[in-house]
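Participant: Per TrEMBL, the feature carbamoyl phosphate binding site maps to A:ARG55, A:THR56, A:ARG105, A:HIS136, A:GLN139, A:GLY264, A:PRO265. The L-aspartate binding site annotation in TrEMBL covers A:LYS83, A:ARG169, A:ARG223. The domain 'Aspartate/ornithine carbamoyltransferase carbamoyl-P binding' feature in TrEMBL is assigned to A:2-149. If you look up TrEMBL, you'll see A:156-302 marked as domain 'Aspartate/ornithine carbamoyltransferase Asp/Orn-binding'.
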Amino acid sequence: MKHLLATDGLDPRLATAVLDTADELKKTLLGREVRKLPTLRGRTVVTLFYENSTRTRVSFEIAGKWMSADVINVSSGGSSVGKGESLRDTALTLAAAGADCVIIRHPASGAAHRLAGWLAESGTAVVNAGDGMHEHPTQALLDAATLRERLGTLSGRRVAIVGDVLHSRVARSNIHLLTALGAEVVLVAPPTLLPVGVSALPVTVSHELDAELAALDAVMMLRVQAERMHGGFFPSAREYSVAYGLSEQRLKMLPEHAVVLHPGPMLRGMEIASAVADAPSSAITEQVRNGVHVRMAVLYHLLAGEEEK
Amino acid sequence: MASRPRGAAEPDGERELLSAGDVARTIARMAHQVIEKTALGAESGEPPVLLGIPTRGTSLAGRLAERIAEFAGVAPPTGALDITLYRDDLRRKPTRPLASTQLPGTGIDDRVVILVDDVLFSGRTVRAALDALRDHGRPRSVQLAVLVDRGHREFPIRADYVGKNVPTSRSEEVLVLLSEVDGRDAVVLRGKGEGA
């Protein structure tokens, strides 16, 4: 693996290898006093964040540090990015300074791909930590890791992705990864929050959450991305919540083994009832915990292997 | 060859160094040596902990423990220690899948730990294993048991228990085959390696 830019087109065998590595790392580190491995000693990992994010950045930073890499955080506020430097120049600077891996979060879809193109010569690996409305592959991998842990396997499982699919890179990455790993995906959203061309995706679509619940193995709630909405996508927060929020009543309609996921940050009371978020079916804190192990596994597969050339 | 030379060359330049019977006898002998060296039985305290280095070291540790239990009447706890994350040559090889580390419930603090591996070569695996052990606890002492010592050490490391010493050239390959993993027991020397 040279870069991790998207789950679209990701080899399912490679995805499974990353998930297996994450499992082993989790077991290896469980109950340890010193959670530090020498695996990536001497490698430099830079997080380059043009958008705010706490959990993703911290999770990558911890992952790198637990494997003894040197981790440097660059955010758009306190750097030359704020002075107007282009993404390309920033990237070339980082590569020239010796970064082995750049982890990028950017508001523009496709930014990670452009970066990988510019850095092709330098051999610096690129990880997409969320680009606009396009993809967020490590989030999909950690969701898959969490579902595998709870359900045993993804093959043949039915997973609903509920809410603002249109603006969600998490949804897009999950659709590709979950179907590649053998799960069935159903998108549940109002027609206004579904992307154009949804019929080309390997999913089924529904506008009725209640009708789907009984047959699901997992429900993945999405955040309503108010900051990306510049128009009326639904009449009111209240109406959205009534139609697509995961309430306690809806939780009861799910099979007992079903898992509830949310990529965070949650709008409690709107997308998901507070009691549901804290119920035993909810794997939301496990998602965060698995995020660290999955990102360690990604860094391992990108940086520990044979040097090309 | 120290013991019976097995001259009959097999196809592809392979030569069998140990047959299935030899492997079983070698493990039995090593079990006796462990019992003697760790003064197991009689009035001894806790038995040593056998930690195999995956994949074949884990199988060997299990077999060694069975023989020790049979001869000394004390079953030593066994486990597996994956050292992949501790290797210093990760960047020179393709990414390896990780194996499981499973320590016995007794832990390894203040115990005699015997690392078990199939082949002792450069010593880098053992060095990595010592680093890995340090992260898991503080054994009283650490010993090393290997089925085959093929020489070419790059670190000042030697084994406490050696099943068979095999002088080799660097271009040769020593393959330990075990029924748990490979379907049969044997130790094979392959002549025309592609360079070590």
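Heads up, the Cβ atoms here are built off N, Cα and C, so glycines get one too.
Can you tell me where each of these features sits in the structure?
Facilitator: The secondary structure of A:GLY264 (carbamoyl phosphate binding site), as reduced to three states from DSSP, is coil rather than helix or strand. Under a cutoff of 8 A between CB atoms, and with a sequence separation of 6+ in the same chain, the neighbours of A:GLY264 (carbamoyl phosphate binding site) are A:ARG55, A:ARG223, A:ILE284, A:GLN287, A:VAL288.
In the three-state DSSP reading, A:LYS83 (L-aspartate binding site) counts as helix.
Over the domain 'Aspartate/ornithine carbamoyltransferase carbamoyl-P binding' (A:2-149) the predicted model carries a mean pLDDT of 92.
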Participant: Where's the emptiest Cβ shell within 10 Å among the binding-site residues A:ARG55, A:LYS83, A:ARG105, A:ARG169?
Facilitator: A:LYS83
Participant: So which one is it: of the binding-site residues A:HIS136, A:ARG223, which has the fewest other Cβ atoms within 10 Å?
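Facilitator: Each of the binding-site residues A:HIS136, A:ARG223 was scored; lowest Cβ tally within 10 Å is A:ARG223.
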Participant: Compute the C-alpha separation of A:ARG105 (carbamoyl phosphate binding site) from A:ARG169 (L-aspartate binding site), stating it in Å without decimals.
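Facilitator: That comes out at 12 Å between the alpha carbons.
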Participant: As a quick check of your reading of DSSP, tell me how many residues in the domain 'Aspartate/ornithine carbamoyltransferase Asp/Orn-binding' (A:156-302) are helical, how many are strand and how many are coil.
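Facilitator: Within the domain 'Aspartate/ornithine carbamoyltransferase Asp/Orn-binding' (A:156-302) the tally stands at 65 helix, 24 strand, 58 coil.
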Participant: Rounded to the nearest Å, what's the C-alpha distance separating A:HIS136 (carbamoyl phosphate binding site) and A:ARG169 (L-aspartate binding site)? Just drop the number here, would you?
Facilitator: 6
Participant: How far is it from A:LYS83 (L-aspartate binding site) to A:GLN139 (carbamoyl phosphate binding site), counting Cα to Cα, in Å?
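Facilitator: That comes out at 30 Å between the alpha carbons.
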Participant: Within 10 Å of the Cβ of A:PRO265 (carbamoyl phosphate binding site), how many other Cβ atoms can be counted across all chains shown?
Facilitator: 10
Participant: Compute the centroid of the Cβ atoms of A:ARG55, A:THR56, A:ARG105, A:HIS136, A:GLN139, A:GLY264, A:PRO265, then list the same-chain residues not in that set whose Cβ lies within 8 Å of it, in sequence order, for the carbamoyl phosphate site.
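Facilitator: These residues sit around the carbamoyl phosphate site: A:SER53, A:ALA129, A:GLY130, A:VAL170, A:PRO263.
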